[in-house]
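This report refers to the structure that appears directly beneath it.
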Amino acid sequence: MKNLLEQIQSRLDELNKAERKVAEVILQNPQQATRFSIAALAQAAAVSEPTVNRFCRSFGMSGYPELKIQLAQSLASGAAFVTQAVAEDDGPEAYTRKIFSNTIASLDSAHKLLDPRVIDRAVDLLIQARQIHFFGLGASASVALDAQHKFFRFNLAVSAQADVLMQRMIASVAHTGDLFVVISYTGRTRELVEVAHLARENGASVLGLTAAGSPLARASTLCLDIPLPEDTDIYMPMTSRIVQLTVLDVLATGVTLRRGVDFQPHLRRIKESLVPTRYPLDEDN
């Protein structure tokens, strides 16, 4: 279950203008908000005290005292970082802090919500696959390419596609034993959802790395739920790629461990093959 800070963050777009001001003051500095009186919070948000009370009730709380209690509990549970949108008047210190804080918050949120049992089932799909196709579009396309770079090392037939037409053609000739790993921040990209349905109709399995409850999640055989609240109205997605890449690192580690120690010489040979391509370290410089 989401703590209060996570609930506020996830519902920002649902709040009316006045209540959103309250939410933004809380998210900007939750530690300070726990010390505010209702009058101080209303003043900081430039709203009335009744607006603060309505904000509390919209989150199922009886009033402001309960909000302060739940806010303190959220901070005590380790939710010290919450995402903050980059503003047009932010200076280098502010936007640097926000980007790092947003990334930390997203990684922490994803870690808490990932079910180890689902991770284990995802590793099963990867190990058992006859061939694996990594699909992504937009910002997720580079993540799909990185996955191909990781997973070819396991003696698996892998490919990565960022072209919609290629994705459809490959899905149209899928077979039982094929695995399609479809990566999408929103899970609402029509082309990717259609490809997932097409692959499953032809007997393949689909592993979705996407938002829970999204059309892509529903179209997938198995979904790794990746909660990624971020400001995408003006600025390009920032934290989504980091979380997706980290989840793929988790899956790659799971596959490596399943392969066992006998597989380590194979991985070592791949790594050692790159040694001649690098200049030696010059300890004097």
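For all residues, glycine too, the Cβ spot is worked out from N, Cα and C.
Annotation comment: Swiss-Prot describes 2-78 as domain 'HTH rpiR-type', evidence class sequence analysis. DSSP places the residues of the domain 'HTH rpiR-type' (2-78) in helix, strand and coil in these numbers: 57 helix, 0 strand, 20 coil.
Long-range neighbours of the DNA-binding region (38-57) within the same chain, counting only residues 6 or more positions beyond its ends whose Cβ lies under 8 Å from a Cβ of the stretch, are 15, 18-19, 21-26, 63-64, 66-67. What Swiss-Prot records for 38-57 is DNA-binding region, and it gives sequence analysis as the kind of evidence.
DSSP states for the domain 'SIS' (122-261), grouped as helix (H, G, I), strand (E, B) and coil, give 71 helix, 26 strand, 43 coil. Look at Swiss-Prot and you will find 122-261 tagged as domain 'SIS'.
Taken together, the residues in the DNA-binding region (38-57) have a mean pLDDT of 95 on the 0 to 100 scale.
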